[in-house]
Amino acid sequence: MSRFFTTGSDSESESSLSGEELVTKPVGGNYGKQPLLLSEDEEDTKRVVRSAKDKRFEELTNLIRTIRNAMKIRDVTKCLEEFELLGKAYGKAKSIVDKEGVPRFYIRILADLEDYLNELWEDKEGKKKMNKNNAKALSTLRQKIRKYNRDFESHITSYKQNPEQSADEDAEKNEEDSEGSSDEDEDEDGVSAATFLKKKSEAPSGESRKFLKKMDDEDEDSEDSEDDEDWDTGSTSSDSDSEEEEGKQTALASRFLKKAPTTDEDKKAAEKKREDKAKKKHDRKSKRLDEEEEDNEGGEWERVRGGVPLVKEKPKMFAKGTEITHAVVIKKLNEILQARGKKGTDRAAQIELLQLLVQIAAENNLGEGVIVKIKFNIIASLYDYNPNLATYMKPEMWGKCLDCINELMDILFANPNIFVGENILEESENLHNADQPLRVRGCILTLVERMDEEFTKIMQNTDPHSQEYVEHLKDEAQVCAIIERVQRYLEEKGTTEEVCRIYLLRILHTYYKFDYKAHQRQLTPPEGSSKSEQDQAENEGEDSAVLMERLCKYIYAKDRTDRIRTCAILCHIYHHALHSRWYQARDLMLMSHLQDNIQHADPPVQILYNRTMVQLGICAFRQGLTMDAHNALLDIQSSGRAKELLGQGLLLRSLQERNQEQEKVERRRQVPFHLHINLELLECVYLVSAMLLEIPYMAAHESDARRRMISKQFHHQLRVGERQPLLGPPESMREHVVAASKAMKMGDWKTCHSFIINEKMNGKVWDLFPEADKVRTMLVRKIQEESLRTYLFTYSSVYDSISMETLSDMFELDLPTVHSIISKMIINEELMASLDQPTQTVVMHRTEPTAQQNLALQLAEKLGSLVENNERVFDHKQGTYGGYFRDQKDGYRKNEGYMRRGGYRQQQSQTAY
């Protein structure tokens with residue numbers, strides 16, 4: 001045992017009194033006078049053996065323990081301080097590490113600390129709750145640990161690949177070699193410093209091995225005595241007595257030579273002590289587990305062991321022998337509902353009680369009125385299961401909700417005498433009197449609207465690229481079926497306002513779906529289809545276009561709220577545009593005047609408006625109306641926030657612009673993935689439309705320095721393409737459009753066509769359209785026509801006349817089309833030329849300046865501006881400011897400056913006379 005403990009202990013005084021004849025334990029100054037008669041020379045020898053290594057690694061272990069304690073209490077400032085000390089201590093032990101290798105407990109703390117800091121850094125809510133010092137220390141320590149760990153990257157990687165094996169190896173060595181470290185250290189670090197220090201001395205030979213074994217036993221004795229010191233002071237005296245007896249038996253020379261006789265009895269005693277120590281450790285662990293179990297009694301947590309699952313008994317709703325009547329069931333229902341929303345209420349148990357109450361009511365034939373009332377409360381409890389608005393329903397709860405609503409609708413359809421409404425008071429409810437119509441307070445429409453919201457939240461919070469999303473999307477068929485059933489119910493018994501609301505729900509689940517069957521029926525004439533196909537079409541019901549027309553017209557006529565009517569109009573326009581009914585969609589948009597006041601609508605309606613405008617622009621593009629397509633898409637694409645404006649994601653902004661609450665609200669407004677519009681397709685349509693408009697315009701106004709830009713985004717893409725020093729083959733969609741634009745500038749329509757329509761662009765964009773071949777044919781036609789216009793604008797100064805047949809062959813257009821294009825250009829005064837009908841040629845008038853003349857005009861303009869600037873500089877040097885005296889040179893020369901020519905002096909001279 002150490003001198004620091006033996007000096008002030010009672011056991012030492014007792015041993016010195018009992019054994020006065022043996023001078024074996026001098027203290028204080030006697031230590032230096034009698035070095036050969038010490039009773040603690042075993043410990044002195046031990047310190048000599050471990051002095052070069054153990055001190056350094058014990059220091060590292062203590063610092064690591066402090067860091068781990070700081071990590072547990074989230075004290076990052078303390079972690080930073082101790083990490084700096086740890087680095088200094090490791091630098092002191094560098095010579096030992098070079099010989100022995102990096103200790104694994106050191107690698108482990110580096111890896112764990114880095115992972116811990118990364119978790120804190122990613123926890124945004126936790127970072128906001130940190131105080132200023134901890135937040136600053138977190139940033140500093142994170143940078144330091146990342147920089148520091150670069151030197152140990154290979155060690156950390158190997159540790160992370162197999163941390164369990166590393167811990168097991170260290171634990172084995174710890175059990176075999178180090179008996180001097182505490183159990184808490186083993187739990188904290190997994191590897192002790194003593195284990196690492198004894199790696200290379202595992203196989204000493206001869207008597208030195210015996211002596212080392214003896215030293216291990218003595219170390220174990222000393223630790224056991226330290227562990228027991230707090231409980232029994234007598235153990236210390238007995239240990240010291242045994243050490244004195246050993247000191248008598250062993251010669252001093254053998255002490256200095258670090259050799260000691262080792263017998264089989266000593267080995268057995270050491271093994272027994274190891275077993276006792278392991279038993280103590282196991283007892284402490286089991287005691288800790290028992291204490292945890294006692295603490296958890298009466299709480300929610302329960303320790304479960306493998307085996308047969310526990311079957312809980314059903315709760316008893318009523319006492320034995322109670323007569324089940326309507327009043328008793330309603331009273332029990334009110335008791336259950338009183339706990340709803342209170343803190344500590346088990347919501348799952350509440351739902352289970354309500355379901356059990358339904359079974360009891362059905363078994364006792366209490367009537368459908370009671371069952372309907374309980375069903376309403378079950379569905380409401382399912383919606384309240386998650387109190388947080390951001391969280392979505394679990395799959396099992398969602399399934400229960402759908403089943404319960406279907407069961408409720410079955411009861412309502414089977415019992416027409418049951419009336420359900422929000423305006424029915426609880427006092428006026430009739431739940432059991434069959435002579436009168438049954439009246440139940442509740443709103444089936446509100447439940448269905450909440451069901452639709454929950455479905456949207458489920459789709460928003462599911463990974464769209466997973467199979468789980470597909471499984472959830474299959475539930476939409478059930479949702480639509482429930483909405484359709486409620487629609488039929490409300491058409492019979494609901495008010496006009498309720499019918500408008502349920503119609504809007506039906507519209508919102510229909511407007512974005514492309515009706516392929518109706519599209520095929522339009523392509524296939526009735527004469528060409530078989531009788532079975534016609535019968536099948538009749539059985540399928542009305543087309544989506546007819547359904548949308550019927551529902552929307554009812555809302556237009558009956559609705560009294562602007563919001564429902566606005567949403568219905570936008571959905572109707574979207575559906576028309578999706579099915580290529582451009583003129584109906586355009587007329588409905590213009591007649592509604594929504595673009596005038598849409599900025600006053602709420603954000604979800606604005607998102608729907610943006611989606612409708614985008615779909616309208618894509619529809620115009622499919623019809624070949626590039627100008628209309630460009631105008632419809634201009635506002636969305638020019639903002640650079642198409643993703644956010646369409647409700648398909650959030651852009652990265654600074655925290656100052658959007659706090660956490662605003663971000664949550666905006667995420668709840670996002671459109672589910674299956675409603676998304678392809679942003680790459682949208683951008684491609686916009687850029688191609690801009691190309692077909694901008695390139696001919698640029699060619700027509702090439703010499704005009706003040707020409708306006710039709711599309712800033714298109715010009716930006718052109719500038720980006722021109723900045724590249726090396727131009728390779730285009731890869732992205734934007735690069736394809738830029739390359740096609742450069743080819744169109746030269747009038748090379750074939751190269752332009754090859755860049756716009758190829759396998760890569762087909763896969764990314766054009767194959768996504770319902771009528772892809774029709775769109776590609778339209779694009780080829782547009783490229784040929786605009787390339788012809790660009791060619792005439794660019795090279796009109798080169799030709800005196802050109803044959804229309806030549807132009808027809810060059811651009812593979814028929815002669816009437818070429819004639820029509822040139823005639824429009826001449827009528828609009830875009831091309832100064834005339835048509836010679838007998839020869840079918842275009843005669844150029846050469847009224848516009850040539851390229852050389854344009855350059856001369858530009859030079860003259862610049863020289864004129866240069867002369868004006870020089871005159872201003874000269875006047876400034878002469879002392880005339882603002883150009884005043886430049887215009888009044890005669891008055892200046894005649895000494896009639898502005899001080900001499902005022903009306904004030906004239907008035908003075910007149911008054912003098």
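Positions of Cβ are set from backbone N, Cα and C atoms, glycine also.
Features as listed in Swiss-Prot:
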REGION    1-44  region 'Disordered'
COMPBIAS  8-21  compositional bias 'Low complexity'
MOD_RES   Ser9  phosphoserine
MOD_RES   Ser11  phosphoserine
MOD_RES   Ser13  phosphoserine
MOD_RES   Ser15  phosphoserine
MOD_RES   Ser18  phosphoserine
MOD_RES   Ser39  phosphoserine
MOD_RES   Lys99  N6-acetyllysine
REGION    157-301  region 'Disordered'
COMPBIAS  166-190  compositional bias 'Acidic residues'
MOD_RES   Ser181  phosphoserine
MOD_RES   Ser182  phosphoserine
COMPBIAS  199-216  compositional bias 'Basic and acidic residues'
COMPBIAS  217-232  compositional bias 'Acidic residues'
COMPBIAS  261-278  compositional bias 'Basic and acidic residues'
COMPBIAS  522-531  compositional bias 'Polar residues'
REGION    522-542  region 'Disordered'
MOD_RES   Thr524  phosphothreonine
MOD_RES   Lys643  N6-acetyllysine
DOMAIN    673-849  domain 'PCI'
REGION    885-913  region 'Disordered'
COMPBIAS  886-899  compositional bias 'Basic and acidic residues'
MOD_RES   Ser909  phosphoserine
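All features noted in Swiss-Prot, drawn onto the structure.
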| residue | record | Cβ within 10 Å |
| --- | --- | --- |
| Lys99 | N6-acetyllysine | 9 |
| Thr524 | phosphothreonine | 11 |
| Lys643 | N6-acetyllysine | 14 |
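For the domain 'PCI' (673-849), the model's average pLDDT works out to 89. Rounded to the nearest whole angstrom, the C-alpha distance between Lys643 (N6-acetyllysine) and Thr524 (phosphothreonine) is 38. Lys99 (N6-acetyllysine) sits 86 Å from the residue listed as 'phosphothreonine', taking the C-alpha atoms as the reference points.
Look at Lys99 (N6-acetyllysine): DSSP puts it in a helix. Lys643 (N6-acetyllysine) falls within a helical segment according to DSSP. The DSSP secondary structure for Thr524 (phosphothreonine) is coil.
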